[in-house]
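What TrEMBL annotates here:
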BINDING   A:HIS66, A:HIS68, A:HIS214, A:ASP302  Zn(2+) binding site
BINDING   A:GLU95, A:ARG147, A:HIS187, A:GLU217, A:ASP302  substrate binding site
DOMAIN    A:59-406  domain 'Amidohydrolase-related'
Number of protein chains: 2
Amino acid sequence: MNRLWIENGTFITMDDVKMVVQGHMVVENDRIVYLGEELPEQSLQQQAQRMSGSGLVFMPGLINTHGHAAMSLLRGYSDDEALQVWLEQYMWPMEGKYVDNDTRVGTSLAVIEMLKSGTTTFVDMYDRMDIVAEVVEQSGIRGWLTRGAIGLCSEEEQRQKLEEAINFAKNWNGKADGRIRTLMSPHAPYTCPPAFIEKFVQAAHDLDLPMHTHMSETAAEVEQNVRDYGCRPVEHLDKLGFFSRPSFVAHAVHLTDDEIALLQDRNVGVSHNPASNLKLASGVARVPQLLKAGVTVSLGTDSAASNNNLDLFDEIRLAALIHKGVSGDPTSIPALTALKMGTVYGARTLWQEDEIGTLKVGMKADFIALDVNQPHFFPQSDFISHLVYSGSGRDVRHVWINGRQVVEDGVCTLLDEERILREAQACFKALANG
Amino acid sequence: MNRLWIENGTFITMDDVKMVVQGHMVVENDRIVYLGEELPEQSLQQQAQRMSGSGLVFMPGLINTHGHAAMSLLRGYSDDEALQVWLEQYMWPMEGKYVDNDTRVGTSLAVIEMLKSGTTTFVDMYDRMDIVAEVVEQSGIRGWLTRGAIGLCSEEEQRQKLEEAINFAKNWNGKADGRIRTLMSPHAPYTCPPAFIEKFVQAAHDLDLPMHTHMSETAAEVEQNVRDYGCRPVEHLDKLGFFSRPSFVAHAVHLTDDEIALLQDRNVGVSHNPASNLKLASGVARVPQLLKAGVTVSLGTDSAASNNNLDLFDEIRLAALIHKGVSGDPTSIPALTALKMGTVYGARTLWQEDEIGTLKVGMKADFIALDVNQPHFFPQSDFISHLVYSGSGRDVRHVWINGRQVVEDGVCTLLDEERILREAQACFKALANG
């Protein structure tokens, strides 16, 4: 048995019952067994590795509910272009050249960046997912993985993609000590014919798996949906049975009040990706209205090609800032709400609220420690405000997932960072010159 | 004579003639004397302290054109409140309790944060400015300082404030090896009667000094201006002679096309403060239109009480992101433009474009070095994109101002950081309990 006793720390629990605890936490193997102001009882102190929490703030690991890790090789390859130019002239040709090693290295690069900046759980939708799963297994991170399938192809290719998605989902669900979970994901309503989406819904039913997709990212795709199918994307997906499965959608920028009500009624989560939505000029999602309606809203970075970083603290700050500025209401999305979107609401989106996203007894030991002896955290008055409006992934010093320390003093313990950075550079050069 | 030779670095010059140089830079005393791909000539190599530029990206120091440094003691003291509640119930009562030591410690805390995150020049508008100037003198930073005067008081108080502003501006202009420059600043059209503003304009004429003020931050103050004076703030200030002086204004969120044209005609700079404008729900300034009209737009953090950090990289990224999202045009404010707003356009705003804001021969040696051996800078393809969309003040490792190294390996060389953090905590406690 491994037992870790953190002494005299500040714990932001993200649990409304007691949001800030000045005191002690004990972790046994993969679970939190004590968190409180008093010393842990004698039996919990025994044989414990002791660690001083002084100068550190501890909080749940961040949960990134939408992304495409392997695309980190394309960070900064093309910016500030119209969406179709960016996709057709830059992204798709480069992605078309990807070989297995690009996926492995690109995913590893993304996982390093996420771990070091405090993300302990991420959602990944891409192809060659066996490789992604292997990186997740090795790195110690927690991943919800899914083969995202574009259906604009022949029936034979569609069949192959579906089979690949099913096999991946079957083979990897629950693997890596339960750190890997799988989903079924048609890419988006505008890239998948209705019958193709229905086949994914059927497979999700058969395998008893939840679903994830892109939805209503741009005004243009909503218009196209109305033109092609006579209704907006929420109603369209609902008719196809998508929301009969536990599910969450990425982006959801362009929604009517009726669509928000339907998402709430079907208990569909929304992954808000503010940086990507701003950078690609998709617009500003109606997050205050979604939250008010009772929809669970979490945060995603999207890929490093459209962000261009994977630091979820950036998304937390953007979520707290932009909705105030755009709505004209300074009380919109308070700091605590934004921090919940990056933690406990992420856990709720992934149906893991009883396991991750908060620090309390019985929860999985997924947590991070930030160095708060820095000027941007002074005066040390309100750490929730400071984390949201001044914090950054660079402030993260230690990271634990499932009770295992995966970042120590800012360095990944299970991955060879130097080698991965070197390989990422080589892969990019080969792709750019290939 | 001090000579520094930086070997084999990547230099983002911010000079359109040659934006990126892989090579060498030589600094003699306070000036850049060589920058190029070839080795410096023999005479410049002699007696030079040599430094490896490997793994570092060098760029001009950032220029923060609007703030109130001493307010950093109020970071996170009150967030997510309506502007009037925030000001009247939280900020003003706390500021009313300030004593000299609070100004000294609060300003020092802000200067530490700015230096460590790569800001080498800042504009500061506050009171007790002699203390602010002393901190600037000691810390090595470059500061444009001004006693911001609110005129909603008796004529006797108005007279005292004007006299204080004049004495400060006279005494400190050009001090600290020329690092300190002074301005004249009535606080804002809505807090200063027209006659009070005119007295500042007259003083600026007499002293041959430029001017700075807050303008059109909120829709409400613009409406009030129209109600009280029969015109909008740009025309109002123009009539009062404000723009007959070299000048720049902070915020300028709510502008008509005619106002933009008038600002351009009068050669008035605009300090864009995106985080503060979003957080206080003031709105989104029309920056693409201002730039298109030929107005010089730079960046400011505003105070840490309304931001809540002083990392100008955050403002650079916000400037590059929000105008795309709000306008629907992904080509709006490209990365390079945003980086210029934080550097060379800041220098132009302060009439120092021939001294700071770019790296080239003859310029003052105000520059920073960032550690780019980090995953969020890989692949190392386009550093301008990476600095804007992935960079952070935490990536800054070394800072030089006027040729003197003021941050070395992330630590301020001229200020006692630990003592200042400790004192900031003590000051805040006394203010909150006082």
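Cβ from N, Cα, C; glycine included.
Just so it is clear, the model here is predicted, and its values are computed rather than measured.
Counting every protein chain shown, the Cβ of A:GLU95 (substrate binding site) has 20 other Cβ atoms within 10 Å. Taking the mean position of the Cβ atoms of A:HIS66, A:HIS68, A:HIS214, A:ASP302 as the Zn(2+) site, the remaining same-chain residues with a Cβ inside 8 Å of that point are A:GLY67, A:MET125, A:ALA250, A:HIS251, A:SER271, A:ASN273, A:SER276, A:GLY300, A:SER303. With A:GLU95 (substrate binding site) as the anchor, the candidate binding-site residues are A:HIS66, A:HIS68, A:HIS214, A:ASP302, and the one with the nearest CA is A:HIS68. For A:ASP302 (Zn(2+) binding site), the same-chain residues 6+ apart in sequence whose C-beta sits under 8 angstroms from its C-beta are A:HIS66, A:GLY67, A:HIS68, A:ALA250, A:ASN273, A:ALA275, A:SER276. In this structure, of the binding-site residues A:HIS66, A:HIS68, A:ARG147, A:HIS187, A:HIS214, the smallest number of CB atoms within 10 A of the CB marks A:HIS187.
Largest CA to CA distance in the substrate binding set (A:GLU95, A:ARG147, A:HIS187, A:GLU217, A:ASP302): 21 Å, whole number. A:HIS214 (Zn(2+) binding site) sits 13 Å from A:ARG147 (substrate binding site), taking the CA atoms of both as reference points. On the 0 to 100 pLDDT scale, the model's mean across the domain 'Amidohydrolase-related' (A:59-406) is 97. The Cβ of A:GLU217 (substrate binding site) has A:ALA188, A:ALA250, A:HIS251, A:VAL253, A:HIS254, A:ASN277, A:LEU280, A:SER282 as same-chain neighbours under 8 Å, each 6 or more residues away in sequence.
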